[in-house]
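Below you'll find the structure, written out as structure tokens, and then a few comments.
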Amino acid sequence: MTGRFIAVVGPSGVGKDSVMEAMANRDPRIGLAKRVITRPSTAGGERFNGVTEAEFQTRKAAGQFALSWAAHGLHYAIPVSVKAQLQNGQDVLANLSRAALIDSKACFAQFDVFNLTADRAVLAHRLEARGRETAEQIARRLDRASAQLPDGIEAFDIDNSDALEQTVQIALNHLYPVKA
Ligand SMILES: Nc1ncnc2c1ncn2[C@@H]1O[C@H](COP(=O)(O)OP(=O)(O)O)[C@@H](O)[C@H]1O
Ligand SMILES: O=P(O)(O)OC[C@H]1O[C@H](OP(=O)(O)OP(=O)(O)O)[C@H](O)[C@@H]1O
């Protein structure tokens, strides 16, 4: 059976990549979409494919992206290879912009959304602790924290203010309900 494409959205620093990675480690039915980003691969954090702006545009023109968007002064894409993962029956998690949800819904037959939330103070603390962005970049990311989901998009909301393990369990229970 074809897998589900699950968009994981929420403000920068809320824990999208951490939750996704922990879910994939817990359950073999889950695969991760590896994003292509115009950020040096040495920047750390999630596993992503870092490319130059020119390389990004070349790959986009060659049809190598299922989805792409711009945010935080960077370009991001989900490679078309996710379709093979889905055809192999994996449920695929992808860290997506809330602004890319409409395109994403149109692109994938089986589509779900996890919307992660956390208090602004928690976000600020996590972004500082992650240490990847400057103070100014962090301030701009926090300004986007309250962005709403587009009309017509239904999401499963999960508060990731507390322990990561708790969030992961709630998300897994939602994806794979235990039959009584
Ligand atoms: N539930 C949690 N409790 C504590 N720290 C967390 C939790 N979830 C994520 N973090 C930490 O917060 C920071 C941001 O997480 P990350 O997964 O990079 O967020 P995002 O992908 O949403 O930008 C990381 O340093 C991560 O280790
Ligand atoms: O439009 P928004 O919903 O605010 O999302 C903006 C960007 O932030 C998210 O990534 P993340 O927070 O992981 O930032 P990063 O990709 O730079 O790490 C998401 O994947 C988008 O690329």
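From the backbone N, Cα and C atoms, a Cβ is placed for every residue, glycine too.
Record features, source TrEMBL:
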| type | residues | note |
| --- | --- | --- |
| DOMAIN | 2-175 | domain 'Guanylate kinase/L-type calcium channel beta subunit' |
| BINDING | Gly10, Pro11, Ser12, Gly13, Val14, Gly15, Lys16, Asp17 | ATP binding site |
Task = For the domain 'Guanylate kinase/L-type calcium channel beta subunit' (2-175), provide the mean pLDDT of the predicted model.
result = 95
Note = Cβ contacts within 10 Å for Val14 (ATP binding site), all chains included, total 26
Ask   = Which binding-site residues from the set Gly10, Ser12, Val14, Gly15 come near ligand 2, judged by a Cβ under 6 Å from any of its atoms?
value = Ser12
Inquiry  = When DSSP is mapped onto helix/strand/coil, what comes out for Lys16 (ATP binding site)?
reply    = helix
Request  = May I ask which residues of the same chain, at least 6 positions away in sequence, place their Cβ under 8 angstroms from the Cβ of Gly13 (ATP binding site)?
outcome  = Ala118, Leu123, Ala124, Arg126, Leu127, Arg130, Arg141
Remark   = Surrounding the recorded ATP site, with Cβ no more than 8 Å from the Cβ centroid of Gly10, Pro11, Ser12, Gly13, Val14, Gly15, Lys16, Asp17 and those residues left out, we find Leu116, Ala118, Leu123, Arg126, Asn160
